[in-house]
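Heads up, the thing below is written out as structure tokens.
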């Protein structure tokens with residue numbers, strides 16, 4: 001695919017009016033970036049080394065961590081450069097690459113969260129058939145389909161973009177190569193593209209969200225039928241972490257993309273920070289702080305590491 005393009009570089013404005021807050025904001029982003037990398041890697045390592053975490057729920061959590069790692073390494077390094085120097089210039093090809101990785105990870109995360117809600121639905125509403133329904137084959141197939149859908153969405157976007165003529169301007173008022181803002185740089189008629197964005201956005205955002213809502217409707221109905229308060233509390237506690245993650249991720253994403261504004265205001269950039277920078281850090285924190293199995297696996301791993309290190 002060869003694009004008709006007079007633009008050789010893209011300039012990201014980022015947050016141009018930080019003034020005296022530049023150092024504080026940059027330092028905060030560095031801490032978030034390091035924390036995101038370490039915590040998500042920790043979850044992936046714990047899943048590999050701990051026998052107690054070998055279940056469908058934790059398998060999907062590791063895939064969520066993989067999405068968060070890809071997303072944060074795709075967005076944050078460019079964002080750090082943008083904050084430090086008051087803007088960032090990148091080649092047009094690099095901008096397209098950043099956009100592609102962003103779309104794949106966000107699409108995959110939307111679908112992953114819906115599959116995770118289905119996992120909780122089966123565990124609570126149909127526990128006797130849980131292991132037969134949520135088999136290893138089903139989990140692996142689901143993940144393969146999820147990543148495949150993300151790649152298909154990107155390919156469809158690229159086919160559409162390849163038909164456009166980009167002649168300027170070359171400035172994007174954002175901290176990453178957002179799809180809608182990138183398309184607006186084109187001199188061609190992009191109405192078909194925005195129709196595709198509406199259809200894809202509804203399918204990728206609203207479709208999985210409906211699955212999540214329906215799953216939790218059945219979960220709530222089932223839990224309310226449990227006679228003991230202890231049983232109800234235990235059932236709800238297994239879903240609480242997932243509900244928090246879904247609320248943060250979908251809440252900000254839908255505000256930005258389902259109810260978009262013509263201009264990228266400071267509010268929309270802050271909301272974009274939530275699902276591109278903050279959420280990848282919050283996901284492992286929420287799942288580790290509220291999960292007894294992961295905390296126990298971490299203590300065993302820590303003890304094994306210290307014992308091995310002392311012995312050597």
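Numbers run from 1 along the shown chain.
From the backbone N, Cα and C atoms, a Cβ is placed for every residue, glycine too.
Residues or ranges marked as domain 'G-protein coupled receptors family 1 profile' in TrEMBL: 39-287. Annotation comment: TrEMBL describes 20-46, 58-84, 136-156, 193-221, 242-260, 266-289 as transmembrane segment.
Note on the domain 'G-protein coupled receptors family 1 profile' (39-287): mean pLDDT across this stretch is 86. Remote same-chain residues near the transmembrane segment (58-84) are listed as 12-15, 18, 22, 25-26, 29-30, 32-33, 36-37, 40-41, 43-44, 47, 90, 98, 101-102, 104-106, 108-109, 112-113, 115-116, 119, 139, 143, 146, 175-176, 245, 276-277, 279-281, 283-284, 287, 293-294 (criterion: CB distance under 8 Å, separation of at least six residues from the stretch ends). A Cβ distance under 8 Å defines the sequence-distant neighbours of the transmembrane segment (20-46), meaning residues of its chain 6+ beyond its ends; these are 53, 61-62, 65-66, 68-69, 72-73, 76-77, 79-80, 83-84, 86, 277-278, 280-281, 283-285, 287-288, 294, 297-298, 301.
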